[in-house]
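These features come from TrEMBL:
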type     : residues  : note
DOMAIN   : A:67-280  : domain 'ABC transmembrane type-1'
TRANSMEM : A:12-37   : transmembrane segment
TRANSMEM : A:70-92   : transmembrane segment
TRANSMEM : A:104-124 : transmembrane segment
TRANSMEM : A:155-178 : transmembrane segment
TRANSMEM : A:199-224 : transmembrane segment
TRANSMEM : A:259-282 : transmembrane segment
Amino acid sequence: MIYWIQKNLPRIVISPSFAVILWFVYGFILWTIYISFTKSKMLPRYEFWGTKQYFRLWSNMRWYTAVENLLIFTILFVGICILIGILLSIFLDQKIRAEGFLRTVYLYPMALSFIVTGTAWKWMLNPTMGIQKVFRDWGFTNFTFDWLVNRDMSIYTIVIAAVWQSSGFVMALFLAGLRSVDDEIVKAAKIDGASLYSIYITIILPMLRPVFMSSIVILLHISIKSYDLVIALTAGGPGTSSDMPAIFMTQMAFHRSEIGLASASAVMMFLTVLAIVVPYLYSELRRQDAAR
Amino acid sequence: MPPVDLQIESLERSASRKRTFYRWLLFLVLGLFALYYLAPLYVMIVTSLKSMEEIRQGNLMTLPGEFLLDAWKIAWSGRGYTAGDVFLRPFFWNSTKMVIPAVVISTFLGALNGYVLTKWRFRGDNLIFLLFLFGCFIPYQAILLPMARTLGILGISNSITGLVVVHSIYGLSFTTLFFRNYYVSIPDEMIKAARIDGAGFFKIFFKVLLPVSAPIIVVTVIWQFTNIWNDFLFGSSFSFGEAAPIQVALNNMVLTSTSVKQYNVDMAAAFIAGFPTLVVYILAGKYFIRGLTAGSVKG
């Protein structure tokens, strides 16, 4: 008996954690998937109801707004973050004296919570007393910046705050990538007469493909899960104009007593993440096996 | 036509002038971005030090005439009346009581798991690691409802204990990943030597591995601390009222406008809620960044 315990000690040590992960991650996901196929309202009911919740979901205008907003947000958020990240990392890589200080400044928003970020930006974007007033005081008396309370523009305020929070992180990823590029390649290209600009565009950036891949996956992941920032900044409003899938889900789950519908929306989110993460992990793990 | 060496000289001069120009442009762009990132922090601090009267008269960028700490006092310990007075002090301690045990538990278990997965390999360990790893990515919406029910059944919904349990569980994936990736690079010979000397499973862990684990422990603790302190989704789904963590309280504070909106109090409160993670970032930025890049998952 003691011998058996000693022999299997590693497995015994890891099994509680593993059991917890199996139950609380995979078991719970299965439960959510099952509930999305039932008629559950306020309490779970286990009779099978087919795919009706999914029909209800995709004929719900609010869900459409949420998905549309997610698309707009994702494209802008990922695109702008990558652009700023590349620009700043290349500029910082030019042997700048204050590099350490600048890096710290660019990255500190990442340490703040989305609620803190949202609260600060909500004040800055305040339609009467925020940025608008700064510009009017500076002499631009017709300057108007009311996106926070403008139905057509509210989703873009979330992009502004989210880019502020996350672009420094992309900078850090790219800077690490640039530092790993061999200096000899750059020197050789310079001797051949290539300009610094064309060296970056044609040689260095293509070498950073893995950095592009991981940045995009992380940013996509952040955007699909985005919840806190929207709550703090617009709370999905005005009306439902800046709704996002994560907000829709918690609204249905905790305020509308529609846990079947909420589960269906959660499953949609889960599948989207799956479609992004599985190919990524697969290629990452294969790359590492090849490197071994 | 001037002599050749003069021509070269003027060419060189124009090239170096061009270089200085680009250098200045570079600094200008970098400086402007620095201002962009610092602006919200500046606005937060400046606004929190003004009176409401001054806020209405000036704008975001104007400095306060005199530095008032009233807003900070109200944000931290309230106005002193009983009904509808939301202030951060009790919720700051809620978050502290939540974050410390959750960080300790998840980090310790993660270290053990990483140790087993790298130094005591067994059949199927790669699959187990993959299942842990995937847990880093799941959107928490997919587990929110069953978790709420489970906490209810266990009788720990709307409590700090409940949040400690939740954060410990969902932090396990990250901590296991961090330690596993770190222990992979520690030579197996060290373990073998210790085994030949007769050391057992736990003795090797505590005497051989833990002493060399300081960097990864720092990275993991910072990562977990930042994530748990900043969490809003779990906090707002599983707790309300008195048991809420600080981010939930901050959001409530900003939303509940009893009478006139007090922007100075809001900003002071936001700063207080962001302060601990900001301090950690400034003191240990290197480890913070390492956690972020490791959290970006390289299996």
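Just so it is clear, glycine is given a Cβ too, placed from its N, Cα and C backbone atoms.
Long-range Cβ contacts of the transmembrane segment (A:155-178) within its own chain (Cβ-Cβ under 8 Å, at least 6 residues beyond either end) map to 69, 72-73, 76-77, 80-82, 84-86, 88-90, 92-93, 103, 106-110, 112, 114, 117-118, 121, 125, 147-148, 204, 208, 210-211, 214-215, 218-219, 222-223, 226, 229-230, 233-234, 241-242.
Of the candidate ranges A:12-37, A:70-92, A:259-282, A:70-92 contributes the most Cβ pairs within a distance under 8 Å of the transmembrane segment (A:199-224). Counting Cβ pairs closer than 8 Å and at least 6 residues apart in sequence, the transmembrane segment (A:259-282) and the transmembrane segment (A:12-37) reach three or more and so form a contact.
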